[in-house]
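Working notes for the structure below.
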Amino acid sequence: MKNLVSNLRFFSSYSSSIVPRCSNIPKPILNPLYNLLPQSQNPSKIVDVICSTLNHSDYSVLLPNLRDEVKSLIPHLGYPEISRVLLRFQSDASRAITFFKWVKFDLGKRPNVGNYCLLLHILVSSKKFPLAMQFLCELIELTSKKEEVDVFRVLVSATDECNWDPVVFDMLVKGYLKLGLVEEGFRVFREVLDSGFSVSVVTCNHLLNGLLKLDLMEDCWQVYSVMCRVGIHPNTYTFNILTNVFCNDSNFREVDDFLEKMEEEGFEPDLVTYNTLVSSYCRRGRLKEAFYLYKIMYRRRVVPDLVTYTSLIKGLCKDGRVREAHQTFHRMVDRGIKPDCMSYNTLIYAYCKEGMMQQSKKLLHEMLGNSVVPDRFTCKVIVEGFVREGRLLSAVNFVVELRRLKVDIPFEVCDFLIVSLCQEGKPFAAKHLLDRIIEEEGHEAKPETYNNLIESLSRCDAIEEALVLKGKLKNQNQVLDAKTYRALIGCLCRIGRNREAESLMAEMFDSEVKPDSFICGALVYGYCKELDFDKAERLLSLFAMEFRIFDPESYNSLVKAVCETGCGYKKALELQERMQRLGFVPNRLTCKYLIQVLEQPSLPNHLPEN
């Protein structure tokens with residue numbers, strides 16, 4: 001087959017005599033008795049009946065009704081009959097596609113691979129490429145998991161029977177790539193070329209790009225080698241892809257050879273090519289190669305631009321060589337190239353990462369002096385840098401300074417700083433910053449920010465301020481989270497405001513926020529502090545029975561309080577028995593408290609009788 005069709009690469013064929021016939025479609029076995037039947041009931045006439053309907057001017061209307069008219073013949077419509085109908089209409093793609101869809105959808109029969117391939121040849125030779133690609137992708141999906149089916153071979157075999165155009169084989173490779181089956185596409189690509197057919201440079205580029213994304217560098221070079229061997233001329237896009245392949249796969253000493261090869265192919269390496277190479281090397285930490293290319297650019301009279309220098313600066317920063325990066329930055333400025341926000345951000349980020357905040361601020365002021373507007377990233381990395389260094393007040397002052405200079409600061413940066421202040425136990429500074437932002441810009445903080453602020457104020461026992469914020473959230477119909485309730489209830493119990501803590505717990509229940517062992521412990525602590533042991537016991541019972549929360553720390557707090565107040569061993573023992581009936585299990589600490597109360601001199605000399 002390879003020898004017979006090797007010179008069919010670039011032209012269409014409308015003769016089935018060029019390729020040897022392989023008689024794909026079996027001839028029907030005719031029974032003489034069938035001729036005694038009416039045509040609509042004669043199995044040997046099913047193809048004629050269908051074709052007669054298709055030849056009618058109203059075929060699209062008549063064909064759907066044909067199923068009922070020839071109902072008895074439908075079981076005799078097999079794959080060979082479908083193929084014969086398609087072949088009769090190979091010069092009329094509209095009727096062929098109407099018939100194919102009728103078989104598939106109205107009759108519910110699934111055409112086989114051979115039927116699909118005949119239809120594809122008909123559509124491609126009729127120049128109906130989008131429709132052909134649709135059915136081609138459908139065929140690939142049907143056969144992609146069947147190793148025994150080779151769509152390419154069936155397509156080649158089908159050329160014996162009908163008009164065809166070699167572009168169908170190019171489309172076959174594209175179809176696999178379109179469906180993301182890159183490795184299968186590569187296999188078919190080799191099959192197509194080994195059989196003497198051609199593939200377009202556009203398809204080759206798609207294949208190269210797919211293989212590059214899969215990190216299959218050797219296969220990329222194989223594709224390029226085959227392209228050169230069979231005479232498919234690469235274009236600009238080909239070399240752009242190969243540039244990326246080269247950066248991933250090659251040694252920098254081969255750069256000159258690669259660039260010379262590009263020139264031999266008539267492709268002049270330009271600034272974009274060099275920038276792609278430099279950027280790729282810098283991203284992979286291959287700075288020696290990147291600077292080698294930077295020198296080659298001058299030798300070849302290609303002047304590096306802002307993109308080149310930014311890539312080099314970024315590579316040096318990534319390697320921890322911040323001072324060298326800054327020197328490269330100065331060299332760029334000295335050569336008349338004006339830095340942009342990205343080049344400044346690269347250096348600022350590197351200095352922040354090294355904890356050199358003064359240098360970062362200095363660069364920011366330099367940006368403003370050069371009329372380069374800082375973006376979200378600039379503000380974010382500097383604020384995060386101050387926070388990482390534990391210099392939260394410096395971060396606040398920095399934000400205030402930027403606002404004074406009319407620099408737009410993203411609210412999420414301020415939000416991050418507010419939360420950081422809360423986590424560091426500085427809720428008043430956080431609240432002051434939030435109030436200022438709301439007053440000046442009208443931004444409203446997220447519920448999570450308010451929750452963090454309430455928690456921080458509660459931890460500092462600033463309960464009044466915390467309750468004001470909590471009321472604000474409730475007025476906005478926002479639900480407090482469990483952490484916020486924990487902080488508020490814990491604070492109220494700590495400062496002896498147990499009734500308010502109880503009200504908050506009831507509010508939790510109404511809001512369907514489940515309490516936890518911390519809230520149980522906080523309330524037990526508050527009740528014990530007031531010597532209200534009965535209430536503490538009732539609370540433990542409520543949590544055990546309603547929420548299945550058996551908190552040993554809360555239980556031990558109550559036992560300890562009972563023992564330390566001189567209530568006597570008998571009362572402590574009775575409490576323990578009641579708790580055990582609820583499901584509480586005494587531990588070593590419980591036993592320790594009971595033993596301590598037993599050893600107190602004020603106790604009677606004998607234990608109570610059982």
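Cβ coordinates come from backbone N, Cα and C, glycine included.
As given in Swiss-Prot:
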REPEAT    165-199  repeat 'PPR 1'
REPEAT    200-234  repeat 'PPR 2'
REPEAT    235-269  repeat 'PPR 3'
REPEAT    270-304  repeat 'PPR 4'
REPEAT    305-339  repeat 'PPR 5'
REPEAT    340-374  repeat 'PPR 6'
REPEAT    375-409  repeat 'PPR 7'
REPEAT    410-445  repeat 'PPR 8'
REPEAT    446-480  repeat 'PPR 9'
REPEAT    481-515  repeat 'PPR 10'
REPEAT    516-546  repeat 'PPR 11'
REPEAT    551-586  repeat 'PPR 12'
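Residues of the same chain lying 6 or more positions beyond the ends of the repeat 'PPR 5' (305-339) and with a Cβ under 8 Å from any Cβ of it are 271, 274-275, 278-279, 281-283, 285, 287, 290-291, 294, 297, 346-347, 349-351, 354, 356, 370, 372. Sequence-remote contacts of a segment are chain residues at least 6 beyond its ends whose Cβ falls under 8 Å from one of its Cβ atoms, and for the repeat 'PPR 9' (446-480) they are 415, 418-419, 421-423, 425-428, 430-431, 434, 487-488, 490-492, 494-495, 497, 511, 513. With a threshold of 8 Å between CB atoms, the same-chain residues lying at least 6 positions outside the repeat 'PPR 10' (481-515) that come near it are 451, 454-455, 458-459, 461, 463, 466-467, 470, 522-523, 525-527, 529-530, 532, 543, 547, 549. The DSSP breakdown of the repeat 'PPR 1' (165-199) into helical (H, G, I), extended (E, B) and coil residues amounts to 25 helix, 0 strand, 10 coil.
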